[in-house]
Amino acid sequence: MNAALLPLIVAVPLLVAALLVVLDDSPAVRRWLMILPSVGALAAGGLMIAETADGTVLAHNVSLWPNGIAIPFVADAFTALVLTTTALLTLVASAFAIAVGTVRARYFPVLVLVLSAGVYGALMTGDLFNLFVFIEVMLLPSYGLLAMTGGFTRLTAGRLYVTVNLLTSTIFLAGVGLIYGVAGTVNLAELAGAAHESPLVAAAAGVCLLALSVKAAVVPVHGWLTRAYPATSPAVTALFSGLHTKVAIYAIYRIYAVVFDGDSRYLWIGLVVFSATMVIGVMGAVGQDTTRSILVFHMVSQIGYILLGVALFTPLGLMAGIFYLIHHMIVKASLFLSTGAIEHAYGHSRLDRLGSIARREPILAAAFLGAALSLAGLPPFSGFVAKLSLVTAAVDAQQWAVVATAVAVSLVTLMSMLKIWGTAFWGPKPDDEEEVAGSGTGIDSQAPLGSPAATAEADGGAAPATQTAVAAPAATAPRPEDGSATRSRVRPAVLLPSVVLTLVTLGIGLGAEGLLSLSSQAAAGLLDTSAYVEAVIGR
Amino acid sequence: MTLALSIGILVAGGVFMLLQRGMIRIVLGFIMLSHAVNLILMSAGVTSRRDAPLMATADPATAADPLPQAFVLTAIVIAFAITIYMLTLAVARSDDDTEDPS
């Protein structure tokens with residue numbers, strides 16, 4: 001793969017998005033145009049992995065401008081791995097959005113494409129200011145996505161989300177300005193090791209890292225995530241969970257490795273903060289009573305695990321952190337999609353109103369169970385390898401408190417997953433289920449942004465139709481043990497995305513060797529940044 | 001010195017407005033904050049050199065650094081777009097203060 005093709009990965013989704021604005025009429029056209037760029041990015045990511053697996057770094061300055069004023073695109077093994085996973089998740093979440101009908105919302109495909117272009121750009125950029133721009137390209141469509149699909153709380157959540165993200169973007173930009181002021185450049189390769197030598201650059205880059213930590217939802221600045229994500233539609237939550245916080249995590253890894261050169265003086269801050277993230281995230285999940293809010297709190301907890309890799313900054317620790325990042329993106333999206341499928345079919349995600357799903361939806365239940373066990377870290381799923389290697393790395397570094405925290409939090413995670421499993425999947429069927437079944441039709445309604453009245457109308461219009469549909473089986477089968485209780489409500493197309501992702505995590509768990517060696521290559525690229533620097537500056 | 005003072009005043013005002021309840025005040029706070037950050041970016045280039053940075057005519061010793069100006073231009077556009085979006089959110093739902101009962 002020629003390095004000059006790297007900008008295309010960003011440009012193609014943007015161009016297709018522009019095309020989609022014009023061709024918004026035909027549903028088939030918009031679906032295919034939404035899917036195809038992700039397929040292309042997935043293929044490009046696969047090629048990129050093959051190319052960078054031996055430690056090669058691809059770098060290209062757009063239009064061959066000189067360093068400093070160019071827009072540099074850089075891809076090493078770490079970039080390739082994260083980019084491929086991102087493309088896979090975008091593809092799967094798009095398929096889910098098509099299956100449940102979220103895609104019918106006006107401009108939904110356009111926004112998803114711009115979002116994915118921003119993510120790819122943020123992963124590949126080699127310049128801090130361009131990182132800011134690409135993060136904004138990623139965030140602007142997500143403001144729209146968050147507020148246009150979802151329940152009644154979405155506008156409140158949308159305000160919170162925009163406010164927090166705009167504030168952190170502003171802080172990040174200030175950090176970039178300070179770095180330019182003290183170092184005279186914002187090109188990552190030219191900044192290599194600068195923070196290690198100069199405390200001024202370290203302070204300026206610290207401002208950037210602080211902003212990225214908020215975006216990654218690290219405790220104590222995680223509150224926005226747990227409030228904003230459950231309010232939107234399941235498809236959007238799955239998409240965001242795979243992309244947003246992970247871009248921030250990727251940037252933290254990259255900046256700490258390149259600009260700080262893995263400076264061991266500041267690592268203790270990471271160890272303390274990320275351990276607290278693990279504990280507080282999982283504790284927050286205990287108090288939640290809907291599937292999605294439990295999963296969102298677990299996401300916070302898992303972010304602590306992922307970032308531990310950079311806080312250890314040993315070859316093993318970085319490898320484990322990168323492996324954990326890939327594993328987590330896939331598993332979390334799988335969980336959001338399987339519970340999202342339940343939410344779509346049964347109209348809500350409250351644990352006290354769900355029950356005996358395992359009998360009705362055996363395949364969905366299996367997909368959820370697999371992903372949940374993987375999240376908790378049980379073999380043979382990828383979570384086991386991820387946790388094992390992370391704990392081994394912490395033992396190697398003799399961080400016993402971290403080891404104890406990681407293991408204890410795993411146990412609580414497992415209990416929390418069993419809570420969802422025990423009530424929603426295995427628990428007794430609640431009595432009022434038939435009444436609430438159709439009440440969630442507003443989730444994917446096409447009501448225009450910012451008009452609660454229109455949403456209410458859409459709900460009012462859709463509800464009678466659904467209720468009659470639900471009432472028909474209820475009339476023929478008055479006893480819950482009859483046919484209707486075991487009849488599956490989740491269509492195969494809605495089921496497929498989460499099943500695919502659970503199979504991926506199982507596959508990674510069984511064949512962990514391949515991904516581990518790629519992760520270790522990526523970790524080597526972070527430990528020794530000379531190849532990265534040479535690829536960018538050396539031309 | 002003037003620049004540092006202006007940045008300080010803008011940040012103080014912006015943070016104060018951000019901590020208010022109404023959405024409109026938050027938006028105004030953000031406008032101040034983004035101005036402050038734009039000034040930080042400008043101060044990152046050396047502010048004493050003010051000639052137009054045109055290759056043919058300018059003396060490199062006195063020409064301004066064009067890169068921070070390009071940064072600021074980009075940042076202004078982004079801040080403008082998000083401000084408009086936040087204003088639509090402010091209009092879309094009038095009660096800012098109360099949590100939803102659900």
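Every residue gets a Cβ built from N, Cα and C, even glycine.
Database features, via TrEMBL:
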COMPBIAS  A:452-478  compositional bias 'Low complexity'
DOMAIN    A:126-411  domain 'NADH:quinone oxidoreductase/Mrp antiporter transmembrane'
REGION    A:431-488  region 'Disordered'
TRANSMEM  A:6-23  transmembrane segment
TRANSMEM  A:32-50  transmembrane segment
TRANSMEM  A:70-100  transmembrane segment
TRANSMEM  A:107-123  transmembrane segment
TRANSMEM  A:129-148  transmembrane segment
TRANSMEM  A:160-180  transmembrane segment
TRANSMEM  A:200-225  transmembrane segment
TRANSMEM  A:237-260  transmembrane segment
TRANSMEM  A:294-316  transmembrane segment
TRANSMEM  A:322-342  transmembrane segment
TRANSMEM  A:363-381  transmembrane segment
TRANSMEM  A:401-421  transmembrane segment
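Segment contact holds for the transmembrane segment (A:237-260) and the transmembrane segment (A:70-100), given three or more CB pairs below 8 angstroms at sequence separation of 6 or more.
Here the transmembrane segment (A:322-342) has long-range neighbours at 78, 81-82, 85-86, 88-89, 92-93, 96, 100, 233-235, 237-239, 241-242, 246, 249-250, 253, 291-292, 295, 298-299, 302, 305-306, 309, 349, 354, 357, 361, 364, 367-368, 370-372, 374-375, 381-383, 385-387, 389-390, 420, 424, 490, 494-495, 497-498, 501-502, 504-505, 508, 512, 515-516, 519, 522-523, meaning same-chain residues at least 6 beyond its ends whose C-beta is under 8 angstroms from one of its own. Same-chain neighbours of the transmembrane segment (A:401-421): 271, 275, 278-279, 282-283, 285-286, 291, 294, 298, 301, 304-305, 308, 339, 351, 368-369, 372-373, 375-378, 387, 390-391, 394-395, counting only residues six or more beyond its ends whose CB sits under 8 Å from a CB of the stretch. Counted over residue pairs separated by six or more positions, the transmembrane segment (A:70-100) shares at least 3 Cβ pairs under 8 angstroms with the transmembrane segment (A:6-23), which defines the two as touching.
Counting Cβ pairs under 8 Å to the transmembrane segment (A:32-50), the stretch among A:6-23, A:107-123, A:129-148, A:294-316 with the most such contacts is A:6-23. Residues 216-219, 222, 225-226, 229-230, 237, 241, 245, 249, 252-253, 256-257, 262, 264, 267, 270-271, 274-282, 284-285, 288, 322, 324-325, 328, 332, 335-336, 339, 351, 375, 386-387, 389-390, 392-394, 396-397, 399, 402, 406, 409, 413, 416, 419-420, 520, 523-524, 527 of the same chain lie 6 or more positions beyond the ends of the transmembrane segment (A:294-316) yet place their CB under 8 Å from a CB of it.
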